[in-house]
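J.: Here it is, the structure in full.
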């Protein structure tokens, strides 16, 4: 039977990029954009993308029951890939929008970059936007074929902090060192946009479609 | 080691065709935005900006189709600007696969539009494009004003104040074009780039006037730009994006070379 890869659609921005990039690297898998919690549960793999404000994101997930579907996918041991706000939503809490509880799949929280100074003493621009290096924190099948310190495309104003080191799959430096990728068991989540990160990003997505956690 | 400066080739697209002549020797159809975008992607462009100059209303559907085609085949960020006036315009472009949209004259006519757009879609996808011209005399301190209609119509708005206001309203990035330098090949207006870059907390893309690779370096090192946008030097194959990246890296600018 053809494997189904669900891309969770919760009305938050651009799913086109993620699904097109997955289609580009899929071999015989069906990419299904869905907002139906049951279809998410039934899928063989799940991609949880996201852009925009975390408060709206969490509110929609709770209203639609997609939050429980995500917890069920995690518990069922199926591969789950969080992207950008999708990764942030998997942490315990975010300080965006005056503080909001998230899904708590990972401990740690999401904090504003704040007014940080760069190496030359100039103020760093926020959002952190552009191609930055990801230092791999551990060997992992998701990093197969991707060089350590390869560049990925980031665009975000909040970043993950206080994630236990054992869950950090990759680090990035922008004024501070933050978790650019987190993983545990069958879950892998990235702050950057693999669907916008040219060859390195496509390789990561291809790795996800093959990953057998 | 850290965040790289970006090189952004810009395509002017009219009714689904690249105009202002792209001259690659070995490209099959230099008017096809998808082919041109792919070419730039292969050469290492960090993003692509697509300026829609389609005049007709019907042409907007062609634009959306073109955006869809590019986004299905080129997996780097795509910004689309030109004629963006309503929240529906933005939604349509994002749904077609644009990652960011550029708002220019609509922001001047109705600044609240930028606030609404950022609240609805997030600052990360709202780029405010600013066309500025120097209005101070040589003996006076520098002052630049916002112009619309391709640099013909003054607005009375101070460029630095305007850039600050737009970021207060939620713009996630500023695309800054010097109308004095645009098309001259004399380099960016460095003082303008520096003034805006120092004034706003968000990334600034310098545009207008690039004639050689040192101009790109100057925009970043002297002007403080986070990204540089250029059209003709790449379109006419005077330099490749890869040449530009190597040149900038050798000049001490951090670039994505892998």
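Cβ coordinates come from backbone N, Cα and C, glycine included.
Quick paste from TrEMBL:
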DOMAIN    A:7-209  domain 'Glutamine amidotransferase'
ACT_SITE  A:84  active site, nucleophile
ACT_SITE  A:193  active site
ACT_SITE  A:195  active site
J.: Cα of residue A:193 (active site) to Cα of residue A:84 (active site, nucleophile): how many Å, rounded?
T.: 7
J.: My understanding is the cutoff is Cβ-Cβ under 8 Å with a sequence separation of 6 or more in the same chain; which residues meet that for residue A:195 (active site)?
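T.: A:17, A:18, A:20, A:21, A:22, A:49, A:83, A:201, A:205 - these are the non-local Cβ neighbours of residue A:195 (active site), listed in sequence order.
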J.: Using DSSP with the three-state reduction, classify residue A:84 (active site, nucleophile) as helix, strand or coil.
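T.: Where residue A:84 (active site, nucleophile) sits, the three-state DSSP reduction gives coil.
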J.: List the same-chain residues at least 6 positions away in sequence whose Cβ sits under 8 Å from the Cβ of residue A:84 (active site, nucleophile), in sequence order, or say none.
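T.: Listed in sequence order: A:49, A:50, A:51, A:155, A:156, A:190, A:191, A:192, A:193.
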